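Asks: TrEMBL lists 19-142, 208-302 with the feature domain 'Cytidyltransferase-like'.
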Amino acid sequence: MSTSNTSATKPEQNVRVWMDGCYDMVHFGHANACRQAKQMGTSLIVGVHSDEEITKHKGPPVFTEQERYKMVRAIKWVDQVVENAPYVTTLETLEDYNCAFCVHGDDITVTADGVDTYHIVKAAGRYRECKRTQGVSTTDLVGRMLLVTKSHHEPDDMLPDPENTRRMSLCKESVSPWTGASQFLATTNKIIQFSNGREPKPGDKVIYTAGAFDLFHVGHVDFLEKVKALGDYLIVGLHGDRVVNRYKGSNHPIMNIHERVLSVLACRYVDEVVIAAPYSVTMDLINHFKVSLVVHGQTDYEPDVDGSDPYEVPKKLGIFQQIDSGNPLTTQDIITRIIDNRLQYEKRNKKKEAKEAAAYEAFQKLKAENRNESTAVNIV
(Lines of atoms letter the chains of each structure in order from A and count residues from 1; the text may use other names and numbers.)
(Lines give C-alpha, C1' and ligand atoms only; values in the text may rest on other atoms or scores of the structure.)
Protein backbone atom coordinates (compact mmCIF):
# COMPACT_ATOMS: atom_id res chain seq x y z
CA MET A 1 0.00 0.00 0.00
CA SER A 2 1.45 3.34 -1.01
CA THR A 3 0.78 5.68 1.89
CA SER A 4 2.62 8.29 3.86
CA ASN A 5 2.78 9.09 7.56
CA THR A 6 0.23 11.86 7.83
CA SER A 7 1.25 12.80 11.36
CA ALA A 8 4.60 13.99 10.02
CA THR A 9 3.20 15.51 6.84
CA LYS A 10 3.27 19.30 6.63
CA PRO A 11 1.13 21.07 4.05
CA GLU A 12 2.95 22.67 1.15
CA GLN A 13 1.89 25.91 -0.49
CA ASN A 14 -1.01 25.76 -2.97
CA VAL A 15 -1.52 22.00 -2.69
CA ARG A 16 -4.99 20.86 -3.72
CA VAL A 17 -6.12 17.66 -2.01
CA TRP A 18 -8.75 15.26 -3.36
CA MET A 19 -11.11 13.22 -1.21
CA ASP A 20 -14.21 11.34 -2.32
CA GLY A 21 -16.95 9.12 -1.01
CA CYS A 22 -20.67 8.48 -0.64
CA TYR A 23 -21.15 10.82 2.34
CA ASP A 24 -24.46 9.21 3.15
CA MET A 25 -25.80 10.37 6.52
CA VAL A 26 -22.89 12.78 6.92
CA HIS A 27 -21.61 12.64 10.51
CA PHE A 28 -18.68 14.03 12.48
CA GLY A 29 -16.52 11.10 11.36
CA HIS A 30 -16.80 12.33 7.75
CA ALA A 31 -16.10 15.87 8.92
CA ASN A 32 -13.03 14.75 10.85
CA ALA A 33 -11.66 13.00 7.77
CA CYS A 34 -12.13 16.26 5.83
CA ARG A 35 -10.36 18.18 8.61
CA GLN A 36 -7.37 15.84 8.49
CA ALA A 37 -7.23 15.90 4.68
CA LYS A 38 -7.33 19.71 4.62
CA GLN A 39 -4.31 19.79 6.95
CA MET A 40 -2.27 17.98 4.29
CA GLY A 41 -2.67 20.79 1.78
CA THR A 42 -4.18 24.20 1.23
CA SER A 43 -7.46 23.38 -0.56
CA LEU A 44 -9.76 20.39 -0.14
CA ILE A 45 -11.77 19.17 -3.12
CA VAL A 46 -14.41 16.57 -2.23
CA GLY A 47 -16.02 14.33 -4.81
CA VAL A 48 -19.45 12.91 -3.94
CA HIS A 49 -20.83 9.84 -5.72
CA SER A 50 -24.25 9.83 -7.35
CA ASP A 51 -27.23 7.79 -6.15
CA GLU A 52 -26.84 5.52 -9.18
CA GLU A 53 -23.19 4.74 -8.43
CA ILE A 54 -23.83 4.08 -4.75
CA THR A 55 -26.79 1.82 -5.45
CA LYS A 56 -24.71 -0.16 -7.93
CA HIS A 57 -21.75 -0.72 -5.61
CA LYS A 58 -23.26 -0.66 -2.10
CA GLY A 59 -27.04 -0.45 -2.17
CA PRO A 60 -29.52 2.43 -1.87
CA PRO A 61 -28.32 5.52 0.03
CA VAL A 62 -30.42 7.02 2.81
CA PHE A 63 -30.08 10.56 1.45
CA THR A 64 -30.49 11.75 -2.12
CA GLU A 65 -27.46 13.01 -4.01
CA GLN A 66 -28.69 16.62 -3.83
CA GLU A 67 -29.03 16.33 -0.05
CA ARG A 68 -25.57 14.78 0.20
CA TYR A 69 -23.98 17.46 -1.98
CA LYS A 70 -25.41 20.18 0.26
CA MET A 71 -24.31 18.42 3.45
CA VAL A 72 -20.71 18.12 2.29
CA ARG A 73 -20.65 21.76 1.16
CA ALA A 74 -21.63 22.72 4.71
CA ILE A 75 -18.53 21.08 6.25
CA LYS A 76 -16.23 23.93 7.24
CA TRP A 77 -13.04 22.34 5.88
CA VAL A 78 -14.40 21.68 2.37
CA ASP A 79 -13.43 24.21 -0.32
CA GLN A 80 -15.16 22.65 -3.33
CA VAL A 81 -17.62 19.81 -3.99
CA VAL A 82 -17.51 17.81 -7.20
CA GLU A 83 -20.86 16.22 -7.97
CA ASN A 84 -21.25 12.76 -9.51
CA ALA A 85 -17.63 11.81 -8.81
CA PRO A 86 -16.50 8.41 -10.18
CA TYR A 87 -16.65 5.53 -7.70
CA VAL A 88 -13.13 4.39 -8.58
CA THR A 89 -10.68 7.25 -8.16
CA THR A 90 -8.52 7.71 -11.25
CA LEU A 91 -5.42 9.72 -12.09
CA GLU A 92 -7.51 11.61 -14.66
CA THR A 93 -9.76 12.84 -11.85
CA LEU A 94 -6.77 14.14 -9.90
CA GLU A 95 -5.45 15.88 -13.01
CA ASP A 96 -8.84 17.36 -13.94
CA TYR A 97 -9.05 19.11 -10.58
CA ASN A 98 -5.33 19.82 -10.26
CA CYS A 99 -5.00 17.71 -7.11
CA ALA A 100 -1.62 16.47 -5.94
CA PHE A 101 -2.95 13.35 -4.23
CA CYS A 102 -6.03 11.59 -2.87
CA VAL A 103 -6.81 11.08 0.82
CA HIS A 104 -8.98 8.41 2.41
CA GLY A 105 -9.43 6.83 5.82
CA ASP A 106 -7.45 3.81 7.00
CA ASP A 107 -10.13 1.36 5.88
CA ILE A 108 -10.79 -0.31 2.55
CA THR A 109 -13.68 0.52 0.22
CA VAL A 110 -14.46 -1.81 -2.64
CA THR A 111 -16.54 -1.85 -5.81
CA ALA A 112 -19.41 -4.23 -6.54
CA ASP A 113 -16.73 -6.62 -7.85
CA GLY A 114 -14.68 -6.41 -4.65
CA VAL A 115 -11.93 -4.22 -6.16
CA ASP A 116 -10.20 -1.58 -4.02
CA THR A 117 -11.60 1.75 -5.26
CA TYR A 118 -8.21 3.43 -4.70
CA HIS A 119 -5.95 0.84 -6.34
CA ILE A 120 -5.03 3.16 -9.23
CA VAL A 121 -3.90 6.15 -7.15
CA LYS A 122 -2.19 3.84 -4.66
CA ALA A 123 -0.14 2.25 -7.44
CA ALA A 124 0.85 5.71 -8.69
CA GLY A 125 1.99 6.82 -5.23
CA ARG A 126 -0.66 9.54 -5.09
CA TYR A 127 -2.60 8.28 -2.09
CA ARG A 128 -2.44 9.21 1.57
CA GLU A 129 -4.35 8.04 4.58
CA CYS A 130 -6.04 9.83 7.42
CA LYS A 131 -7.12 8.20 10.65
CA ARG A 132 -10.68 6.91 10.85
CA THR A 133 -12.74 8.39 13.69
CA GLN A 134 -13.40 5.59 16.15
CA GLY A 135 -16.87 5.21 17.59
CA VAL A 136 -19.09 6.20 14.68
CA SER A 137 -20.08 4.95 11.25
CA THR A 138 -23.08 5.23 8.98
CA THR A 139 -23.71 1.51 9.55
CA ASP A 140 -23.73 2.12 13.28
CA LEU A 141 -26.20 5.01 13.00
CA VAL A 142 -28.53 2.99 10.77
CA GLY A 143 -28.39 0.21 13.35
CA ARG A 144 -29.31 2.58 16.16
CA MET A 145 -32.35 3.77 14.22
CA LEU A 146 -33.39 0.22 13.40
CA LEU A 147 -33.18 -0.61 17.09
CA VAL A 148 -35.66 2.20 17.78
CA THR A 149 -38.24 0.25 15.79
CA LYS A 150 -37.92 -2.74 18.12
CA SER A 151 -39.20 -0.93 21.18
CA HIS A 152 -41.21 1.97 19.87
CA HIS A 153 -42.64 1.46 16.39
CA GLU A 154 -43.59 -2.18 15.95
CA PRO A 155 -44.25 -5.32 18.00
CA ASP A 156 -41.09 -7.35 18.49
CA ASP A 157 -42.35 -10.26 16.37
CA MET A 158 -42.74 -7.97 13.34
CA LEU A 159 -39.13 -6.76 13.35
CA PRO A 160 -37.09 -8.48 10.61
CA ASP A 161 -33.95 -10.23 11.81
CA PRO A 162 -33.94 -8.78 15.35
CA GLU A 163 -30.57 -10.32 16.28
CA ASN A 164 -28.88 -8.71 13.28
CA THR A 165 -30.54 -5.40 14.11
CA ARG A 166 -29.31 -5.58 17.68
CA ARG A 167 -25.81 -6.50 16.54
CA MET A 168 -25.75 -3.66 14.04
CA SER A 169 -26.91 -1.22 16.67
CA LEU A 170 -24.29 -2.20 19.20
CA CYS A 171 -21.60 -2.75 16.57
CA LYS A 172 -19.52 -4.92 18.90
CA GLU A 173 -19.47 -8.08 16.82
CA SER A 174 -19.45 -6.62 13.34
CA VAL A 175 -17.93 -8.81 10.65
CA SER A 176 -16.23 -5.82 9.08
CA PRO A 177 -13.03 -4.65 10.82
CA TRP A 178 -14.00 -1.02 10.10
CA THR A 179 -17.78 -0.63 10.40
CA GLY A 180 -17.77 -1.92 13.95
CA ALA A 181 -17.88 1.02 16.32
CA SER A 182 -17.23 1.35 20.01
CA GLN A 183 -19.04 4.01 22.00
CA PHE A 184 -17.74 7.43 21.04
CA LEU A 185 -16.01 9.37 23.79
CA ALA A 186 -15.32 13.05 23.25
CA THR A 187 -12.10 14.68 24.39
CA THR A 188 -11.24 18.32 24.93
CA ASN A 189 -8.64 18.03 22.18
CA LYS A 190 -11.21 16.82 19.64
CA ILE A 191 -13.58 19.67 20.51
CA ILE A 192 -10.73 22.17 20.13
CA GLN A 193 -9.85 20.69 16.73
CA PHE A 194 -13.43 21.19 15.55
CA SER A 195 -13.84 24.64 17.06
CA ASN A 196 -13.34 27.88 15.15
CA GLY A 197 -11.53 29.33 18.13
CA ARG A 198 -12.99 32.72 17.26
CA GLU A 199 -14.63 35.10 19.69
CA PRO A 200 -17.27 37.60 18.52
CA LYS A 201 -15.74 40.94 17.60
CA PRO A 202 -16.93 44.19 19.20
CA GLY A 203 -20.10 45.26 17.44
CA ASP A 204 -20.92 41.76 16.11
CA LYS A 205 -24.59 40.81 16.19
CA VAL A 206 -24.71 37.58 18.20
CA ILE A 207 -27.48 35.12 17.32
CA TYR A 208 -28.54 32.25 19.58
CA THR A 209 -30.57 29.18 18.66
CA ALA A 210 -31.03 25.92 20.54
CA GLY A 211 -32.30 22.40 20.03
CA ALA A 212 -31.41 18.72 19.83
CA PHE A 213 -29.84 18.78 16.33
CA ASP A 214 -29.91 14.99 16.40
CA LEU A 215 -28.63 13.08 13.35
CA PHE A 216 -27.42 16.40 11.97
CA HIS A 217 -28.94 16.64 8.50
CA VAL A 218 -29.64 18.91 5.55
CA GLY A 219 -32.75 20.37 7.22
CA HIS A 220 -30.53 21.59 10.05
CA VAL A 221 -28.03 22.98 7.54
CA ASP A 222 -30.70 25.01 5.71
CA PHE A 223 -31.99 26.34 9.03
CA LEU A 224 -28.56 27.33 10.37
CA GLU A 225 -27.62 28.98 7.08
CA LYS A 226 -30.69 31.22 7.34
CA VAL A 227 -30.10 31.92 11.02
CA LYS A 228 -26.46 32.89 10.44
CA ALA A 229 -27.58 35.35 7.74
CA LEU A 230 -29.43 37.30 10.44
CA GLY A 231 -26.23 38.26 12.25
CA ASP A 232 -22.46 37.97 12.50
CA TYR A 233 -21.82 35.29 15.11
CA LEU A 234 -23.95 32.17 15.61
CA ILE A 235 -24.11 30.29 18.90
CA VAL A 236 -25.97 26.98 18.98
CA GLY A 237 -27.20 25.63 22.29
CA LEU A 238 -27.39 21.84 22.42
CA HIS A 239 -29.77 20.32 24.94
CA GLY A 240 -28.51 17.44 27.06
CA ASP A 241 -29.55 13.86 26.35
CA ARG A 242 -32.06 13.67 29.21
CA VAL A 243 -33.65 16.96 28.20
CA VAL A 244 -33.99 15.80 24.57
CA ASN A 245 -35.49 12.52 25.72
CA ARG A 246 -38.03 14.41 27.82
CA TYR A 247 -39.46 16.33 24.87
CA LYS A 248 -38.72 13.83 22.08
CA GLY A 249 -39.48 10.59 23.91
CA SER A 250 -38.84 7.12 22.46
CA ASN A 251 -35.12 6.27 22.21
CA HIS A 252 -34.15 9.82 21.35
CA PRO A 253 -31.64 11.24 20.97
CA ILE A 254 -30.08 8.78 18.54
CA MET A 255 -26.70 10.52 18.93
CA ASN A 256 -25.39 11.45 22.37
CA ILE A 257 -24.45 14.98 23.39
CA HIS A 258 -20.75 14.51 22.53
CA GLU A 259 -21.55 13.31 19.02
CA ARG A 260 -24.05 16.11 18.46
CA VAL A 261 -21.54 18.74 19.62
CA LEU A 262 -18.97 17.71 17.00
CA SER A 263 -21.61 17.37 14.28
CA VAL A 264 -22.81 20.94 14.83
CA LEU A 265 -19.30 22.38 15.31
CA ALA A 266 -18.29 20.97 11.93
CA CYS A 267 -20.92 23.14 10.20
CA ARG A 268 -19.43 26.23 8.53
CA TYR A 269 -22.32 28.44 9.71
CA VAL A 270 -21.73 27.76 13.41
CA ASP A 271 -19.24 29.76 15.48
CA GLU A 272 -19.80 28.35 18.97
CA VAL A 273 -21.72 25.59 20.75
CA VAL A 274 -23.11 25.62 24.27
CA ILE A 275 -22.92 22.06 25.60
CA ALA A 276 -25.99 20.88 27.54
CA ALA A 277 -27.62 24.29 27.20
CA PRO A 278 -30.59 25.09 29.46
CA TYR A 279 -33.94 24.34 27.87
CA SER A 280 -35.27 27.79 28.75
CA VAL A 281 -33.33 30.76 27.41
CA THR A 282 -32.48 32.72 30.56
CA MET A 283 -31.44 36.32 31.14
CA ASP A 284 -28.10 35.04 32.44
CA LEU A 285 -27.47 33.24 29.15
CA ILE A 286 -28.43 36.29 27.09
CA ASN A 287 -26.18 38.59 29.14
CA HIS A 288 -23.27 36.15 29.28
CA PHE A 289 -23.09 35.70 25.50
CA LYS A 290 -24.31 39.25 24.69
CA VAL A 291 -27.10 37.78 22.55
CA SER A 292 -28.86 40.21 20.22
CA LEU A 293 -31.42 37.80 18.78
CA VAL A 294 -32.85 34.41 19.80
CA VAL A 295 -34.15 32.30 16.90
CA HIS A 296 -36.33 29.20 16.67
CA GLY A 297 -37.75 27.37 13.68
CA GLN A 298 -41.42 27.16 12.77
CA THR A 299 -41.83 23.81 14.50
CA ASP A 300 -43.72 23.60 17.79
CA TYR A 301 -41.77 23.37 21.02
CA GLU A 302 -42.65 21.90 24.41
CA PRO A 303 -43.01 23.94 27.61
CA ASP A 304 -40.32 23.60 30.26
CA VAL A 305 -40.81 21.14 33.15
CA ASP A 306 -42.58 23.83 35.19
CA GLY A 307 -44.97 24.52 32.33
CA SER A 308 -43.36 27.85 31.41
CA ASP A 309 -42.55 29.08 27.90
CA PRO A 310 -38.81 28.42 27.28
CA TYR A 311 -38.65 31.61 25.20
CA GLU A 312 -40.52 33.84 27.64
CA VAL A 313 -37.49 36.01 28.46
CA PRO A 314 -36.35 36.81 24.88
CA LYS A 315 -39.99 37.41 23.91
CA LYS A 316 -40.37 40.01 26.67
CA LEU A 317 -37.13 41.65 25.54
CA GLY A 318 -38.38 41.75 21.94
CA ILE A 319 -35.42 39.73 20.66
CA PHE A 320 -37.20 36.49 19.72
CA GLN A 321 -37.86 35.45 16.12
CA GLN A 322 -39.16 32.33 14.40
CA ILE A 323 -38.02 31.60 10.85
CA ASP A 324 -38.87 29.07 8.17
CA SER A 325 -35.85 27.17 6.88
CA GLY A 326 -37.72 26.24 3.71
CA ASN A 327 -36.76 22.61 4.29
CA PRO A 328 -39.40 20.40 5.96
CA LEU A 329 -36.99 17.50 6.65
CA THR A 330 -36.84 16.41 10.30
CA THR A 331 -34.87 13.86 12.28
CA GLN A 332 -38.02 11.76 12.49
CA ASP A 333 -38.27 11.78 8.69
CA ILE A 334 -34.82 10.21 8.49
CA ILE A 335 -35.76 7.51 10.98
CA THR A 336 -38.92 6.87 8.96
CA ARG A 337 -36.82 6.42 5.80
CA ILE A 338 -34.75 3.81 7.59
CA ILE A 339 -37.77 2.00 8.97
CA ASP A 340 -39.59 1.99 5.63
CA ASN A 341 -36.54 0.55 3.87
CA ARG A 342 -34.99 -1.42 6.73
CA LEU A 343 -34.78 -4.71 4.83
CA GLN A 344 -32.83 -3.03 2.04
CA TYR A 345 -30.46 -1.37 4.51
CA GLU A 346 -29.90 -4.55 6.48
CA LYS A 347 -29.15 -6.39 3.24
CA ARG A 348 -26.88 -3.53 2.11
CA ASN A 349 -24.91 -3.55 5.36
CA LYS A 350 -24.48 -7.33 5.35
CA LYS A 351 -23.22 -7.22 1.76
CA LYS A 352 -20.88 -4.34 2.53
CA GLU A 353 -19.45 -6.11 5.58
CA ALA A 354 -18.83 -9.32 3.63
CA LYS A 355 -16.93 -7.49 0.87
CA GLU A 356 -14.88 -5.48 3.37
CA ALA A 357 -14.03 -8.60 5.37
CA ALA A 358 -12.82 -10.38 2.22
CA ALA A 359 -10.74 -7.37 1.18
CA TYR A 360 -9.26 -7.08 4.67
CA GLU A 361 -8.34 -10.79 4.71
CA ALA A 362 -6.60 -10.43 1.33
CA PHE A 363 -4.79 -7.32 2.55
CA GLN A 364 -3.58 -9.10 5.72
CA LYS A 365 -2.43 -12.08 3.65
CA LEU A 366 -0.44 -9.81 1.33
CA LYS A 367 1.17 -8.10 4.33
CA ALA A 368 2.17 -11.46 5.79
CA GLU A 369 3.67 -12.56 2.45
CA ASN A 370 5.67 -9.33 2.20
CA ARG A 371 6.91 -9.81 5.76
CA ASN A 372 8.03 -13.38 4.99
CA GLU A 373 9.83 -12.25 1.83
CA SER A 374 11.59 -9.49 3.78
CA THR A 375 12.66 -11.94 6.48
CA ALA A 376 14.00 -14.37 3.86
CA VAL A 377 16.10 -11.64 2.24
CA ASN A 378 17.57 -10.60 5.59
CA ILE A 379 18.52 -14.19 6.38
CA VAL A 380 20.30 -14.55 3.03
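The first residue you see is number 1, and the count goes up from there.
Heads up, the Cβ atoms here are built off N, Cα and C, so glycines get one too.
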Asks: When the domain 'Cytidyltransferase-like' (208-302) is classified with DSSP, how many of its residues are helical, how many are strand and how many are coil?
Replies: 35 helix, 21 strand, 39 coil
Asks: Which value does the mean pLDDT take for the domain 'Cytidyltransferase-like' (19-142) in this predicted structure?
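Replies: That stretch averages a pLDDT of 92.
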Asks: May I have the DSSP-based helix, strand and coil counts for the residues of the domain 'Cytidyltransferase-like' (19-142)?
Replies: 44 helix, 25 strand, 55 coil
